[in-house]
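**Q** The domain 'Cellulose synthase RING-type zinc finger' annotation in TrEMBL covers 29-105. Feature annotation from TrEMBL assigns transmembrane segment to 277-295, 307-326, 872-892, 904-922, 942-962, 983-1004, 1024-1042, 1054-1074. Residues or ranges marked as UDP-alpha-D-glucose binding site in TrEMBL: 365, 371, 372, 401, 542. Annotated active site per TrEMBL: 401, 794, in sequence order. Here TrEMBL flags 451-478 as coiled coil. Per TrEMBL, Mn(2+) binding site is recorded for 543, 567.
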């Protein structure tokens, strides 16, 4: 698409299409074709002769060989051409070798007798460089296009041309390494030669000589063999640590290494050390046993004088135990992963050839520019445009679901600034590539910088960015007051999105093939602005609907096979993040079954104490690692690279497994995958036949399908193959919508746009696929794309993919891939948690609940437990609220939830506490999470549980049962200029009422309990300690909430003072009514008898 096409707005239903500010079109510039020959031995350029002409080693057949390989072959090899077997003649500039005496037709006196210099050069430079290329066989990678493969193999020396003891290289044995057009790299064992068309004459072996004379049995050979054996033993130990097999059958476990670097796996799995994980698992089992004995005691020993308190406490404790099991066992198999970016480049980025890396479409979603500042969005877009990835493989789509002209104008300014910012980033290789965060770094920015111009250019770029910020801030200030007649564009045209709830779809290509170049003349990635059509009476499905619109419009315009989605405040912190994900997606062993690669969320601007657990490291560094060892992490909404075909609702490709014993331990109806890893009976699925037929379409068939689909409106008839494609196309259109171009793009499994489509037709189809009625009577939001039915569409979408048999990957690079902003204010943080919990409640009450959905598919039982935990956890708020109220009730009434403990009972209580602490300590040990982060997570679990989760339960019930919808508010992404100023800002919300009440009644209970003990004597202090410990447990967990209420410098808000006085008055009246200071007597009631005892 051309960047100069202007803003395209229209509505498919109304048959409207308007192009605003169209300056003209220009044809895209073709890429320059590389010319020259490649050496068929080492893969380098053939080069030129000393006279500046193309170097030709063999005058008989002109077989492409570079000068380095030619000189090495003459001095150390067979001296013959690999193709025609003609002896290499001495060329000008080369030294004589044995056999050149009869060649007198070359006038080269200067180099003719330069034996010493030639020998030294061949040993120190020519030999090393040539054998480095030959031994690794760069030009024989099986992943190259067919035309790149050489027609004939190379014959490298077994010892790589190096001296073995005193054996000259010409006496080394020869082994062929070419295997049918692939391989040919450095290998451990000699391989049989399979090409019969190439006769190999091995050197004869003298029986009188020892085998060491031919490279076998020498000291160097033995050392290499011992080193290889040690590597195999180490790999075998690693394999034994994981039980000898992959739990998820990925095939990406520790395998025998392939010595060709370009053919080795792009990633590998790193199991947690057995010294760390085995004690952790043992403690979990012990804790289960102790829980059994603990509940046996609790149930068999009720408290008769406080039966209600005892019953409530036992019910709460049983629920907590079940929640712990759901949370704990998905962490049974945690793993780490390691990627190899150098191997990725070696395999898919051959020198002198176009990059073979897959294209990526990047989605950025935004709604309200006043809550999500345009400057934040601009920094995210700039970090995407400057990413370390081939520019022709990257396209950025910005979804403006608020149809704000402020966002449009800010994106226009961003595209202009990107022409200066992107070349600066790539020239000096800076990190991060979001200018706001790069210039805000408090580090030595001169570290590792060697170019003298860096300081000057950095200073100029910082000034340019400050001017850019002023322009964006001016736009924001102007947008504060909306004109009565609405916004108008620069040419006087009214802004199509003046009515946010009723406007046409809009598309603007800011950067593209035409006009998308930086100040150095280099091409920039594609940048597209998208605002989908909105009309009254349609359900637009909030963020999930916007993401599905981006999926469709990107499929029409660029159709990359992979997609990365980011929130507007999550910038790319590691410019190689996309390459990290491609190490999994493009891995030939693992990639075909991977639906998405999830990165952990990291945040900027959080106070060092992380008061409200915004970093959430326990979830991202413990739970997600555990899920990665099963079937993969859940999708968390941002920082995730998807496979487009997986989002289209197709099943994962089946893997052939070796037959194992069948497990009949459970009845047939229990088919949730909980049996041992044996053969499973093939079950009939309810998938449409179109899904199955789609897998049979190849890329060549796609063009035929396009012709057939184009004939739908014309009514033309073609040959039989087109008729079949048309029939399948009709079924696909019922599933994916009535867009022939989009349906045709689905058939291209490896991505790519349709060559036959014109830019005008693509623009028309783009407006069509983002129209508000496009998804009617289709499977969008049901089986295709982001799934509707919950405000947390991320969990539901990932769950559906896992049910289709896909697996996901968790990637944690050394440098954080993405960073975003978090709501550090207490009220905003609670509202964020409320939205997450509400989405889980909606999933729990829908047909997609993991308790009953997806059986018989590809979802593993431990993965199912994790999804059940993700949807059930808000219900824990009810028993948690009751359990946190019990200490105050016990202190006020003098009762307790347990009877007087015996020695055996004390043992079980003590064992349970020890197991809880031991589990947490060992968990922190293998995950690397600090104790302060773990403790903040525990505190906020209680704070969120008694506030946001509780409200989510009631709101979810109202929404599902009564139809009362509650709209969530977008979390603010910007704060004041002062650091952490938002942390102390207080915003009153009803979410604060339950935890505030719990704090006050527990504090009153502590005071009442101590007063009662003082009044009744020392005998009452013993039972008081258990009750006080119970109450302090609640108060300590709510301590961050208390600090949030107090605000900065202990300035308590008036509303909190009013609430405290009100609640204190209520409990004071109850206290007077209970009257605990009245002396209690168990003896008979004495009455005045009328006798004078004196």
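Each residue, glycine too, has its Cβ placed from N, Cα and C.
Those TrEMBL annotations? Automatic predictions, nothing curated.
It should be emphasised that the depicted structure is a prediction, and the values quoted were computed from it without experimental measurement.
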**Q** Excluding near sequence neighbours, so keeping only residues 6 or more apart in the same chain, what lies with its CB under 8 A of residue 365 (UDP-alpha-D-glucose binding site)?
**A** 399, 401, 543, 546, 547, 550, 565, 566, 567, 568
**Q** Where the record says 365, 371, 372, 401, 542 bind UDP-alpha-D-glucose, what is the longest distance in Å from one Cα to another among those residues?
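**A** Pairwise Cα check on 365, 371, 372, 401, 542 gives a maximum of 16 Å.
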**Q** Taking the binding-site residues one at a time (371, 542, 543), which has its Cβ surrounded by the most other Cβ atoms within 10 Å?
**A** 543
**Q** Can you tell me the CA-to-CA distance separating residue 371 (UDP-alpha-D-glucose binding site) and residue 794 (active site), as a whole number of Å?
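**A** On Cα coordinates alone, these residues lie 21 Å apart.
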**Q** Non-local Cβ contacts of residue 794 (active site) (under 8 Å, 6 or more apart, same chain)?
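**A** Listed in sequence order, they are 634, 635, 636, 637.
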**Q** Taking a Cβ cut-off under 8 Å, which residues six or more beyond the ends of the transmembrane segment (277-295) line up next to it in the same chain?
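**A** Contacts of the transmembrane segment (277-295) (Cβ under 8 Å, skipping residues fewer than 6 from its ends): 271, 314, 317-318, 321, 325, 328-329, 332, 334, 908-909, 911-912, 915-916, 918-919, 922-923, 925-926.
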**Q** Are there residues at least six beyond either end of the transmembrane segment (942-962) with Cβ under 8 Å to its Cβ atoms? List them, or say none.
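**A** Long-range Cβ neighbours of the transmembrane segment (942-962): 612, 830-831, 833-834, 837-838, 840-842, 844-846, 873-878, 880-881, 884, 990-992, 994-995, 998, 1034, 1037-1038, 1040-1041.
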**Q** Around the C-beta of residue 567 (Mn(2+) binding site), how many further C-beta atoms are within 10 angstroms, looking at every protein chain?
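**A** The Cβ of residue 567 (Mn(2+) binding site) has 24 Cβ neighbours within 10 Å.
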**Q** Please work out the mean pLDDT for the residues of the domain 'Cellulose synthase RING-type zinc finger' (29-105).
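**A** Across the domain 'Cellulose synthase RING-type zinc finger' (29-105), the average pLDDT comes out at 71.
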